[in-house]
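> Quick one: structure below, then a few questions.
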Amino acid sequence: MIGGPGQRTAPEGGSPLSGNAFALVWRNPYVRAPVFFGLIALALWLARDLAPVLTVGLTAYLIAYLSHPLLTWLERRRLRRGVGIGVVLLIALALAALASSLLVAVGTQLIDLAGRLPAVAQDVSRFVDGWLAARPNLPWTAGLRAQLTTLINSSTAMLSRDALPFLQGLLAPGGPLLGRLFGVANTLAQSVAVLILSVYMMQDYEKIGHTLLGLLPRPWQPLALDLSRGVEQSVGGYVRGQVVIALAIGTLVALGLALIGVPSALALGFLAGVFNLVPYLGVVIALVPALLLAAPLGWLKLALVVGLFLLGNQLEGHLLSPLILGRSTNLHPVTVALSILVGLHLLGLVGALVAVPLAALGKLLLARYYYPSRLYQGGP
């Protein structure tokens, strides 16, 4: 039917407002908030049940994501993407072969390190105890001697009870045959799945992004595209940069300790590199066993170890991080430290690992969407 002047035309079988009813309801924040929270809860529930599948998919996507800049660089030099993927796979296989050989050496050194530390700790305890006993007039020596004895004994017991058997069981060539066969088969199947998926994702990396973007409602797509570019710059740049920094710190610690003559230098460098994926943590984690192993070698080598770790800390804080991460996160060091502490408190090591990328993402959201908003500019 046709309405008169000033009267809206109603579609057949519906009221004049039926076309806008959903939009009117959806504008209400009290309607949108429960829907969003419900979708988040559903996603978390599905993530828990589909954790193995998601792990394979996310690992493959991470490989494609980290390889994308190299593939783009090769394409600009007129190398086809398929050939570039072959180059990336050859590099990955070479790195995997190198890593497997290093892991054998690192595993052996870690077992040796865990077995050596209790005896070294006792030597350090006797040295400190003798030094304090020679100074009986100091009023605080008795209490300090008791505290040091308790600390060293508890640490030694923990290493003997937990760390050493765990490492030996993890790296032992024997063990329950059936369980190890199932474990090897499962790991092999997951590795093959990750390899196949990562190849497809590297080939169609741009298409994956366009497909995911196309699933969103059209009015949201420009916002999602702008947000994804910001995330790529801040979070993606941080992840790649922190991997480079971790490799640099691990190499520095391993080479430096080997030149000084500290045992298990490769294992300590490995620990420093892996844990340095969380900023500044790797230097702290590797410092304590390095000092214990260097203590029997004399004061000069002990001082050299301290100097090496101070050098690593200063290089990371004043050269590598500003140079590599400065443009991506642009976070103040206090913000980085607080983010790591909060993440460590809430989710342990995983929380510390993702804390800085999440802080960078939060800063991006505030700068792009909250500060320019009417809520911030004009107040509630």
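Cβ atoms are placed via backbone N, Cα and C, with glycine included.
Any TrEMBL annotation is an automated prediction that lacks curation.
Dumping what TrEMBL says about this protein:
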- 30-47: transmembrane segment (TRANSMEM)
- 53-71: transmembrane segment (TRANSMEM)
- 83-106: transmembrane segment (TRANSMEM)
- 177-200: transmembrane segment (TRANSMEM)
- 243-271: transmembrane segment (TRANSMEM)
- 277-295: transmembrane segment (TRANSMEM)
- 337-366: transmembrane segment (TRANSMEM)
> Could you pull out which residues elsewhere in the chain have a CB under 8 Å from any CB of the transmembrane segment (243-271), counting only those six or more residues past its ends?
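For the transmembrane segment (243-271), the sequence-distant neighbours (Cβ-Cβ under 8 Å, at least 6 residues beyond its ends) are 66, 102, 105-106, 109-110, 112-113, 116, 277, 279, 282-283, 285-286, 289-290, 293-294, 297, 301, 304-305, 308-309, 311-312, 315-316, 320-321, 324-325.
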> List, by number or range, the same-chain residues at least 6 past the transmembrane segment (277-295) whose CB is under 8 A from its CB atoms?
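Residues 113, 116-117, 120-121, 123-124, 127, 242-243, 245-246, 249-250, 253, 257, 260, 262-264, 268-269, 271, 301-302, 304-306, 309, 312-313, 316-317, 321, 336, 340, 349, 352-353, 355-356.
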> Taking residues 6+ outside the transmembrane segment (53-71), which of them lie with a CB under 8 Å of any CB in it?
47, 81, 84-85, 88, 92, 190, 193-194, 197-198, 201-202, 205, 236, 239-240, 243
